[in-house]
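Colleague: I am attaching a structure below and will ask some questions about it afterwards.
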There are 2 protein chains.
Amino acid sequence: MKKNYVKDVFHMSEGEEITLQGWIHKIYDLGHVNFVRLRDKTGIVQLVAQKEQLAGLRNETCIKVKGVLSKNDKAIDGMEVQVKEIEVLGKVYYDKLPFDINGKKINAALETQLDHRNVSLKKPSVMAVFKIQEEIGECFRKFLKLNNFTEVHTPKILASGTEGGSELFTVNYFDHRAFLAQSPQFYKQMMVGVGFEKVFEVGHAYRAELHNTYRHLNEYVSLDAEMGFIEDENEIMDLEEGFINYLFENLRETCARELKMYNITLPEKVSIPRIPLSEAQQIVFDKYGKRSPKGDLNAEGERLFSKYVKEKYDSDFVYLTKYPLSKRPMYTMPDDEIEGASKSFDLIYKGLEITTGGQRIHDHDMLVEAIKNKGFKAEEFEFYTENFRYGMPPHGGFAIGLERLTMQILGLENIREASLLPRDMKRITP
Amino acid sequence: MKKNYVKDVFHMSEGEEITLQGWIHKIYDLGHVNFVRLRDKTGIVQLVAQKEQLAGLRNETCIKVKGVLSKNDKAIDGMEVQVKEIEVLGKVYYDKLPFDINGKKINAALETQLDHRNVSLKKPSVMAVFKIQEEIGECFRKFLKLNNFTEVHTPKILASGTEGGSELFTVNYFDHRAFLAQSPQFYKQMMVGVGFEKVFEVGHAYRAELHNTYRHLNEYVSLDAEMGFIEDENEIMDLEEGFINYLFENLRETCARELKMYNITLPEKVSIPRIPLSEAQQIVFDKYGKRSPKGDLNAEGERLFSKYVKEKYDSDFVYLTKYPLSKRPMYTMPDDEIEGASKSFDLIYKGLEITTGGQRIHDHDMLVEAIKNKGFKAEEFEFYTENFRYGMPPHGGFAIGLERLTMQILGLENIREASLLPRDMKRITP
């Protein structure tokens, strides 16, 4: 078992013995005495060793070190380890690393970094992305459990698509053709209806979209929530806003080091304006002269409108509400007041959509009508509408793309940086 | 927003007003006055209503009730609700329910119950299974986080199989043939090596096994852990034993009601005997006259040996250790002492294997040799062995099938009962 972590060094006193395990981050050869930066999960510390103690060691060799702490004002946080003994735990086998990970940044194209994820992930600033990501998942679960949600695991292998069958990957399932789930939408609604009332799922979703952009992945982690017994979609927006505030509060505490690496200051209080899509489109046109596609904003419109919201409301977030029913899935609840509008929304964060949500239709006959109105055959969705025969409460929900949220919090340029091992149109390795 | 839950009733006083939302579990028509059992996520309570207040209501109608609490010794826990107002939130649309869920047990075959999961899950004893399951996942995460593990999400779409390519589902991934992950094995090892040191994942795993038995699912949730800087496989067994104790301690607190429904008393302290496989085989032969297959126990052997362990050690669990290297995957660490044995183990719980684990090979050249010894081409595993070039610490891990563990804790007869929506050779719906 591991004895100490690097982070412990800075809570210990000069003269104390310590046993550390980790990787050689960098060796500074100063003749007889050598300095070594040792890296573990929790940080980097300086070792002081005799040259002969380092024989055969190279960057990334995995070692166990016994030593004694001593003060040194020039070392990181003022403390270093005088090495008594080094044991090699894991040898290295390379001629040259594909790129260095001990400099200020990695000097290689993103694609090269992704090809060598076994090296690029070693860099502390890259690893920091996934500390943030882990905390997002943790907070999502904690916040929803505090609100009486139940965690569920629903199947990713389906007999039919969620919304008409486009953009689905097919699986050869024994003698059948099956599909990979685009979303747990139908199942999370079903779980509300059978009596879990409020459910969430943290799981993979698959989209066979022919998009190879900075913001698309074909396999991603979806943070899904669905809540029964709601009045309207505002409760869903309240819930997500509550989550964002809970998340930021926690990240400031648990990920201070990681946020600092990326120079990120999270707002103290997030209060998200709710603006109907049609108003947003008008503003984008009036202020920036850009026309939007019918019933939506495009990527440029999302960026411009976010800029406007930031200036006017000092908010990085904005809910676009009341999307036209015609542009939303068949299960979307129509708006009570505005003809043709729906009780659905998108959440835009720093210019990028990270969430789609809304209230769903809960009445069986109304849902069957809505399916027909979309031009689908109701019989083909009986596996779904069947769930609405046994007393479905008013309900709604949302889904957040985990990688997108991570990317936006840290201001990453490409969503692939927010995935340990991204899958896109051209990449299924490593 | 929901005002009260049924469970609140039993902490409230006579005369208090209450608003409940849930489903009609059962109506008792006693003429002018009617009793209704109202069911929500947290339990069942008795409503007392006038006949006219119940007009049009049927079993499973989703309602909102306002009323006043009154004492009644004959009601559940001595309290009932005098109804003032009922509002229908979700109508029902059926002629006859596929089966009743308000009796002692569901009077239908398991396959029928699974065909109508939207009804069978409503039964409190069925829902209880998933409360237990949720707590297992929660405890797995909590326990490992307490031990400095990091949660990761690794891809389920792969370019190559984990252990030679058998029993894999294929996916049509744009222009490529890809596979669904059988396990996150290679990736969790990679994540240890890049510096997360200790990782876990709660995610789906897929096995295209041609088994249609009470204990096989083709899609299941795998609780995976992998730990760096270990001495040997005993630390992995210690870790899992620690988890089991942590889990049982928590379940007794959080799931007392659910455990009681299934008449389960969990042991106070779990101390798991570690017995070499060859000894176990000998005991099964000596005591029960049954021969085991070479290098393994079969299902019957697991049951018989568990019986022996229960009698001799009063333990529901047993680790079978030192499996022959020839029967384990290529990455398995050979034993130091016994020629041909390995540092791997299975965990058997009440007669069923719920875990495979062990120490892995961490040296690049040794791994390449092991791959060749298994008859594979080392070049075809370069994507994997490549990860061992950059300083891999000694490490090992284990995986638990979530549904199997749930099933064994509750003594369920079929693993399908421990999956919200099971996938087997014949079932990909609902």
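The count begins at 1 with the first shown residue.
Positions of Cβ are set from backbone N, Cα and C atoms, glycine also.
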Colleague: Starting from the ATP binding annotation in TrEMBL that includes B:Arg207, B:Ala208, B:Glu209, B:Arg215, B:His216, B:Leu217, B:Gly401, B:Leu402, B:Glu403, B:Arg404, which of B:Glu249, B:Glu253, B:Glu258, B:Glu353 is the extra site residue?
Modeller: B:Glu353
Colleague: According to TrEMBL, which listed range is region 'Aspartate': B:21-24, B:185-188, B:197-200?
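Modeller: Going through B:21-24, B:185-188, B:197-200 one by one, TrEMBL flags B:185-188 as region 'Aspartate'.
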Colleague: When you scan the chain for residues with a C-beta under 8 Å from the region 'Aspartate' (B:185-188), skipping those not six or more beyond its ends, what do you find?
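Modeller: Answer is 152, 154-155, 162-163, 199-201, 224-226, 329, 331, 384, 387, 397, 399.
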Colleague: Please report how many Å separate the Cα atom of B:Glu353 (ATP binding site) from that of B:Arg207 (L-aspartate binding site), as a whole number.
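Modeller: Each residue's Cα considered, B:Glu353 (ATP binding site) and B:Arg207 (L-aspartate binding site) end up 16 Å apart.
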Colleague: Quick one: of the binding-site residues B:Arg207, B:Thr356, B:Arg360, which has its CA closest to the CA of B:Arg404 (ATP binding site)?
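Modeller: Given the candidates B:Arg207, B:Thr356, B:Arg360, the nearest one is B:Thr356.
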Colleague: Between B:Glu209 (ATP binding site) and B:Thr356 (L-aspartate binding site), what is the CA-CA distance rounded to a whole number of Å?
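Modeller: Here the two Cα atoms are 17 Å apart.
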Colleague: Between the Cα atoms of B:Arg207 (L-aspartate binding site) and B:His216 (ATP binding site), what distance do you get, rounded to the nearest Å?
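Modeller: That separation, Cα to Cα, works out to 9 Å.
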Colleague: With a 10 Å radius around each C-beta, find which of these binding-site residues (B:His216, B:Arg360, B:Arg404) has the fewest other C-beta atoms nearby.
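Modeller: Counting other Cβ atoms within 10 Å of each of the binding-site residues B:His216, B:Arg360, B:Arg404 gives the minimum at B:His216.
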Colleague: Whole-number answer please: how many Å between the C-alpha atoms of B:Leu402 (ATP binding site) and B:Thr356 (L-aspartate binding site)?
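Modeller: With the alpha carbons as reference points, the distance is 13 Å.
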Colleague: Would you mind ranking the binding-site residues B:Glu209, B:Thr356 by how many other Cβ atoms sit within 10 Å of each Cβ and giving me the lowest?
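Modeller: Checked B:Glu209, B:Thr356; of these binding-site residues, fewest Cβ neighbours within 10 Å: B:Glu209.
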Colleague: For B:Thr356 (L-aspartate binding site), what is the secondary structure state per DSSP, taken as helix, strand or coil?
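Modeller: DSSP call for B:Thr356 (L-aspartate binding site): strand.
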Colleague: Do you know offhand how many angstrom separate B:His216 (ATP binding site) and B:Thr356 (L-aspartate binding site) by C-alpha?
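Modeller: Answer for this pair: 15 Å between alpha carbons.
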